[in-house]
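Written out below as structure tokens is the structure these notes cover.
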Amino acid sequence: MSARTSPARDLVYFVIFAAAVLTMPVWLAPIGAGYPDLLQKFAIYGLFATGFNLLFGLTGYLSFGHAAFLGVGSYTAVWSFKLLGMNPIPAVILAVVAAGIFALAIGFVSLRRSGIYFSILTLAFAQMSYNLAYSVLTPITNGETGLRVLRSDPRIFDAADGAEGALVSTLFGIEMNGYAGFYFCAVILIAGFFIAQRIFRSPFGIMLRAVKSNQNRMTYTGLNPRPYTLAAFVISGMYAGLAGSLLCITDPLAGAERMQWTASGEVVLMTILGGAGTLLGPLLGAGLIKYFENIFSAFNEQTLHSIFSFLPDFLETPVVGLMSLFVGEGWQLTLGVLFMIIVIFLPGGIMEGVSRLGRLFKGSDKPSAADKGRVEAAAE
Amino acid sequence: MEILKVSGVNKSFGGLRALNNVNFAVEEGTVHAIIGPNGAGKSTFLNCMIGRLAPDTGTVMFGDISLTGMKPFEINQVGVSRVFQTPEIFADLTLLENVMIPTMAKRDGIFSLNGFRRLDRDAEVRDKALHMLEDVGLAEKKDMHSGSLSRGDKRRLELAMCLSQDPKLLLLDEPTAGMSRADTNNTIDLLKRIGDRGITKVIIEHDMHVVFSLAKKVTVLAQGTIIAEGKPEDIKGDPRVQEAYLGGAHL
Amino acid sequence: MDVFLLQLLNGLDKGGAYALIALGLTLIFGTLGVVNFAHGTLFMLGAFCAITFNKLLSLEQVRIDPEKLTPWGTPLEVREPYVEALLGDFGHWLLNYSVPASILLAIPVMAIIGFVMERGLIKHFYNRPHADQILVTFGLAIVIQEIVKTMFGANPIPQIAPESLRGAADIGLMLGTDPGVIVYPVWRMVYLVFAGLVIAAVFAFLQFTTFGMVVRAGMADRETVGLLGINIERRFTIVFAIAAVVAGLAGVMYTPILPPDYHMGMDFLVLSFVVVVVGGMGSLPGAVAAGFLLGILQSFASMNEIKDILPGIDQIIIYLVAVVILLVRPRGLMGRKGVMEN
């Protein structure tokens, strides 16, 4: 990595990235994704996947329980709204801290094992959290109904104002909905990306890649892999908590289903789709999945008919019939198929595809940076 | 001065006695070989020294530090490096990164949360690593993925990794196993060269050619017991050793 | 004591399902070395075999009764399933017994599904890391689920047990307790016996046939068996098909207990993985024992007496056991030393 990276280059990447994120409302509009609600989701899940990638992409430890940290972040944020007031900043900070502590506890235990056993341990902890949030922890989580901010809550710092109107978090008088909500998340995403970029380029980052590559050699090189993996686990848990709190910025509601293992599975899908171990991949994966979820699921037969209206009738009907399997309710089918294709043919995800294409055009056979960082799938 | 002193080490696996009251000492600055037929307990012995296995009884002293009960990474941090039978390297990383990791381990210790510093700005580590790669003749391949190296080159890389830590003691477990004659000779030359730096080396070896071209002192292990010890030329003629090697056809 | 017995029985039927799924998972892991996240889906597909069979049988013909009229003067329509029209009493019997009878459909269907899955996909992942295997089978599970959802809808489809096997039996009476103390649904008893039979059949097959011997040898030491010149690949396919059939049968017979929907497989998969880990990766008796054990533990944990002392324990007991086992004895209850242990 040191060969092809330089501070100047990273700065350029970072500036382009930041500019791209901030202008998303403009350039995503033509594909129908230019509305704040979806953009905010892109930013939040991008952050979630970026954090997950710091663990899985670098160390190769596949956690199937990251949704638990997302949930903890959400619950903490809502409690912060309830007790302290609707300012998102304490909510975000407290959520990161709470998720970090939670991740420290779970990581400390789970990291005693590696490989599939680690995956199952994290899965077990997340499922326990989910089940408990639904049942005995109801006083904290409000069970099935989900936790929301009520008018009667103390809200120490702003109980006086906002007697009427919808309950939305407010930063310096700006309500965090619509584009304000998106830009708040976008700024945090950019900060999160910056930190991830630094970790990738740091001595710590290379140690994490050493964990994935050869733990035995690492141990005999005078390095203890455990605190490295634990630190990565906690950091990625904090990212998840951060994402969880942002989910509550515009809609201050936290439900247990956010902790279910399918949600953990989703972030795995995002990271792999985009390209684990690359900086940009997880963000692409998150964007793609959220885009599918929102745009593809809204397609119906009529939209399809209008898209394929150029076809002669005898062709149009079967084509629309076939396509309708993959959109609307069936968007997850598209996702599943896409995911399988990626795992089978492009284990490095979209980023590997991009770099292969790039090489094709350039005609050079040098492996690119994206290729190098790719999931050479957990060295077990 | 003795840099390594092993006293009264026993190790059993179930009913099998792998090491039987082994006493062993290495003089600082020498090359000491441990030889013995298959199953003699050489690898068990090495693993007991390096912290991978815990001896049932006995002590392993490194200078005035007791290595018994220490974790492998702690043992490395006090100055003991190890070369494996099959080269253990970071196959997903470039050669330069491979050498930078041990360099940093030596400088920053067992764990350091350097998450915000840029590795490519760390000239100290980079220069040292490059220098080590030059030493073993791999400098021009520094940006290659180490997984694609030949076995001989992997061995060189592993040596560079160990040497970058300036170890006081280097343990080599059959450093030429599975190598071609040419690679073996290259490795011997390399080991001779780094011998000049005064690093104490313990070599476990099958290949007598390697042993006799490197070692100043040889210890012969058979069935978990030390049966002979001395200069290479004395060992060659020792009847007990020849018997242990089934008539000494090897020698 | 009676309460104890009742809880024991309550845990057994669920334990039976866990055991059957875990048995297949272990068989696949032990021989093929593949971690199959799509195994729960096979359970679900089995359940939908039962539904399909029932739907086929219930296809109705509509006939107009020439003589009778409805009260408002139109001709009376008589609806009658084709099977009853064609086969008479036997058809009626078949419809009544559609759940157990669909086993006959499920065996070949599941075997084919297993065959296709192994040849088409799993085969290519033998030498890929476990993480890749998990991911690709996870993707496959999503795809199969979605296809089932498109075909059968998202809502659970209840199935009913045959008339004679519905309702509850007072088992306590047989055991000499007072009437009404241990009352247990008959179908769950049937399920339990069925699970026992399937497990026995699998073990007998592995124990007493040459094929089974090779498979067991393969589980113990894959490389050596390969070196013996035995065509291990073909056997892998058959093993996978058997595992698919076992999971499918577990699903078929479970339909009267839990109305199947498209994602029931995932719910069972997570638990079955825990079962496999608790039993020990690669240990068949371990999988079966852990399946029943966890089923029973879960049932005991849901007793009010226990919940009063440890609130919420019923929700987490299985995972808690898994965590403890993984930390204390990573090879599981009956796993061999060194299998996936680190």
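First residue shown is number 1, and so on along the chain.
Quick reminder: no glycine exception, Cβ is built from N, Cα and C everywhere.
Per TrEMBL, the feature transmembrane segment maps to C:15-35 (among others). When Cβ-Cβ distances below 8 Å are used as the criterion, the transmembrane segment (C:15-35) is approached by residues 42-43, 118, 122, 125-126, 130, 133-134, 137, 191-192, 194-196, 198-199, 202, 215, 218-219, 222, 235-236, 239-240, 242-244, 246-247, 249-250, 254, 268-269, 271-273, 275-276, 279, 281-284, 286-288, 290-296 of the same chain, each at least six residues removed from its ends.
If you look at the transmembrane segment (C:97-117), the same-chain residues 6 or more away from its ends with a CB under 8 A from one of its CBs are 38, 42, 45-46, 49-50, 52-54, 57, 140, 159-162, 237, 240-245, 247-249, 251-253, 255-256. Per TrEMBL, the feature transmembrane segment maps to C:97-117 (among others).
The transmembrane segment annotation in TrEMBL covers C:189-215 (among others).
The transmembrane segment feature in TrEMBL is assigned to C:236-257 (among others). Within the chain, the transmembrane segment (C:236-257) has long-range Cβ neighbours (under 8 A, six or more residues past its boundaries) at 13, 16-17, 20-21, 23-25, 27-28, 31-32, 39-40, 42-51, 99-100, 102-103, 106-107, 109-115, 117-119, 122-123, 159-161, 187-188, 190-191, 194-195, 198, 202, 205, 211, 215, 265.
Among the features that TrEMBL reports, transmembrane segment is placed at C:269-297 (among others). When Cβ-Cβ distances below 8 Å are used as the criterion, the transmembrane segment (C:269-297) is approached by residues 7-8, 11-23, 25-27, 29-30, 37, 39-41, 43, 141, 199, 202-203, 206, 219, 317-319, 321-322, 325-326, 331-336, 339-340 of the same chain, each at least six residues removed from its ends.
Annotation source TrEMBL lists transmembrane segment at C:309-328 (among others). Among residues of the same chain six or more beyond the transmembrane segment (C:309-328), those with a C-beta under 8 A of the stretch's C-beta atoms are 271, 274, 277-278, 294, 297-298, 301-302.
Same-chain residues lying 6 or more positions outside the transmembrane segment (C:189-215) and placing a CB less than 8 Å from one of its CB atoms are 12-13, 16-17, 19-20, 23, 27, 31, 161, 165, 169, 171, 225, 230, 232, 235, 238-239, 242, 246, 249-250, 253-254, 257, 284, 288.
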